[in-house]
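Annotated in TrEMBL:
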COMPBIAS  1-10  compositional bias 'Basic and acidic residues'
REGION    1-23  region 'Disordered'
COMPBIAS  11-21  compositional bias 'Pro residues'
REGION    43-77  region 'Disordered'
COMPBIAS  60-77  compositional bias 'Basic and acidic residues'
BINDING   167-173, 192-196, 261-264, 318  GTP binding site
BINDING   173  Mg(2+) binding site
């Protein structure tokens, strides 16, 4: 039997609707351009996404800010180091002078002279404060005669104290008073502390960094007693304080200069009051000024245990501006020579 012809598989029915058409391109070059564009946009691994680029830019910005902050911190650190170095040099160059002595020895008057001599005038407020002090001094104090002689002037409604009025006005110092001035580019700080017994505990607050001590003594008070107890001789009290200060280990390298003050009053008192009545070891003529001066210096000199350095001393009249100007010029030179290396004058 003849083989049966193989049956053909059934054909799918024809698609309905419009036929599927490929896009037509006018040329092969156009097709190639599209492919290249798609490749760059979709297939290139080096093309970052928009969000990735923003993250990279943000990271670089933070790193730049960090570097800027570090540079600013280093700049500020250098400025602070330079400022501290300048302050250390300034502190080392500072001549810090401490005024010590018993009450009413003339420390405050000396400090007023420093203000006058170095050009720091008293303002109106300070003058008004001195006016009240002067009114009190008309009735008591060492300058009663002066103020009574000038009573008509002082009694005027528009009265303002003169420099001499201010120098002669006495008021007890309470607390710590400082005055700054500059001599030949060297800064000075002068510190006045109350001399009454109740004020002496404050002295220790001022001992740090002292260059020199000016120890003030009222040289005319050899016949007077302290206000505090009405028994202790004032000159003896000054000697005892001086002995404590001059032999203190804290001041081993500090120049201590003795000011025997109120020379004007000493001149008057020597004529009428014998020092021998109060100091039996006095030898010489009690009414001869030179003998009394020599004895006073010896009294204080004997209190020093360290004899390796001389005792620098000056007889002064604190109310005399020219006298203080002259004396302080010599004192300044002594202090600067004694502390040449520390002050760094170069």
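A Cβ is built for glycine as well, from the same backbone N, Cα and C atoms used for every other residue.
What TrEMBL annotates, mapped onto the structure for a quick look.
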residue	record	Cβ within 10 Å
167	GTP binding site	22
170	GTP binding site	17
173	GTP binding site	18
261	GTP binding site	29
264	GTP binding site	16
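For the compositional bias 'Basic and acidic residues' (60-77), the number of residues in each DSSP class (helix H, G, I; strand E, B; coil) is 18 helix, 0 strand, 0 coil.
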